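K.L.:
Dumping the structure here so I can ask a few things about it.
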Amino acid sequence: MAKASESLDLSVNESTDKALDRDCTTLSRHVLQQLQSFSADAQDLSALMNRIALAGKLVARRLSRAGLMEGVLGFTGEVNVQGESVKKMDVYANDVFISVFKQSGLVCRLASEEMDEPYYIPENCPVGRYTLLYDPIDGSSNTDTNLSLGSIFSIRQQEGDDSDGQAKDLLTNGRKQIAAGYILYGPSTMLVYTMGKGVHSFTLDPSLGEFILSEENIRIPDHGAVYSVNEGNFWQWEESMREYIRYVHRTEGYTARYSGAMVSDIHRILVQGGVFLYPGTVQNPEGKLRLLYESAPLAFLIQQAGGRATTGLVDILDVVPKKLHQRTPLIIGSKEDVAKVESFIQNGH
């Protein structure tokens, strides 16, 4: 009896130790551990990730008070480089990222979905060897209805001095990314990232003001029941995509989930498996999502988790953009589900 009690005590202690170790693993500590196998000149990435986390905290705080503050909800009346009406939260979140990095000495350039051209920080150049590419608010149409939103980020190393200010070195494939991830603003605020060594998630503990490790080395299931797509665009798609939707409608075991915020939908698929689709249309075959700010960062992360991301014909990470704001179709998620969508598209071609 004493031995059984002793064994139980050891088991409880081990469980407690693991929980305590996890609770003590902050984002900054975890990133430093990841960087142990990187070269010495990559250590700035720890400070860079901390700045991204700070931007996420500031945006999360603003969103949590959105219904109580003036000038947070609604549109600005302006149109961005994408031709889309700009939400007030789009502007605020974009300004937050600029402000957080402006005096950091870490990045020379910021490239955002919301800005026509990269934002240069001369005082950080050439010391700041990195470029941050980001979508400050993904799913901004959800802002006024208190639904989930996100931010997407990607880190690349600057190549050359960019003396002509054209940022041509960014027009390379997604395999040049050093790190990528997203921040999900939902019932809790989560930060999920990869540095090419697995995918790791952190939850913001409001009492500590720290992102604490939630799960390490996340693996996406090979197959999932969820398909996530805006079926309101059904009649605008190519016939091959419509055939895929008909297939999931008549096949038992599939369920549709679509929130209007890609980060939210991708996070569900990362955890539960399935596929997210944002295909091109007959009139706009290039699709809607921006390659550098949305598709490539999420493709890097999902592939690190064991999933896949494609245009339907080409791996997203192999697409070389011709311009900063280039769009691309996106099919991303569990490898078996992505392959199923590909089979319809490729047979249609």
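Including glycine, each Cβ sits where the backbone N, Cα and C put it.
Feature list, courtesy of Swiss-Prot:
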- GLU113, ASP135, ILE137: Mg(2+) 1 binding site (BINDING)
- ASP135, ASP138, GLU294: Mg(2+) 2 binding site (BINDING)
- ASP138, GLY139, SER140, SER141, ASN230, TYR258, LYS288: substrate binding site (BINDING)
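Tell me what's around each of these sites.
P.N.:
In the three-state DSSP reading, ILE137 (Mg(2+) 1 binding site) counts as strand. Applying an 8 A CB threshold to same-chain residues 6+ apart, the list for ILE137 (Mg(2+) 1 binding site) reads VAL59, LYS87, MET89, ASP90, ALA93, ASN94, THR143, LEU149, GLY150, SER151.
Mapped onto three states, the DSSP output places GLU294 (Mg(2+) 2 binding site) in helix.
For ASP138 (Mg(2+) 2 binding site), the number of other Cβ atoms no farther than 10 Å from its own Cβ, over all displayed protein chains, is 29.
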K.L.:
For the binding-site residues listed here (SER140, SER141, ASN230), tell me which residue's CB has the most neighbouring CB atoms inside 10 Å.
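P.N.:
Per the Cβ count within 10 Å, the most buried is SER140.
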K.L.:
So which other residues, same chain and not among ASP135, ASP138, GLU294, have a Cβ within 8 Å of the centroid of the Cβ atoms at the Mg(2+) 2 site?
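P.N.:
Along the chain, the qualifying residues are GLU113, TYR134, ILE137, GLY150, SER151, ILE152, TYR182, MET262, VAL263, LEU289, ARG290, TYR293, PRO297.
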K.L.:
Please determine which of the binding-site residues listed here (ASP135, GLY139, LYS288) has the lowest count of neighbouring CB atoms within 10 Å.
P.N.:
LYS288
K.L.:
Around TYR258 (substrate binding site), how many other CB atoms lie within 10 A of its CB?
P.N.:
17
K.L.:
In Å, rounded, how far does the Cα of ASP138 (Mg(2+) 2 binding site) sit from the Cα of TYR258 (substrate binding site)?
P.N.:
14
K.L.:
Taking the centroid of the Cβ atoms of GLU113, ASP135, ILE137 as the Mg(2+) 1 site, which other residues of that chain lie with their Cβ within 8 Å of it, listed in sequence order?
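P.N.:
Along the chain, the qualifying residues are ASP90, ALA93, ASN94, SER112, GLU114, TYR134, PRO136, ASP138, SER140, SER151, ILE152, TYR293, GLU294.
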K.L.:
For GLU294 (Mg(2+) 2 binding site), which residues of its chain lie six or more apart in sequence with Cβ-Cβ distance below 8 Å?
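P.N.:
GLU294 (Mg(2+) 2 binding site) has long-range Cβ partners GLU113, ASP135, ASP138, ILE152, MET262, LEU330.
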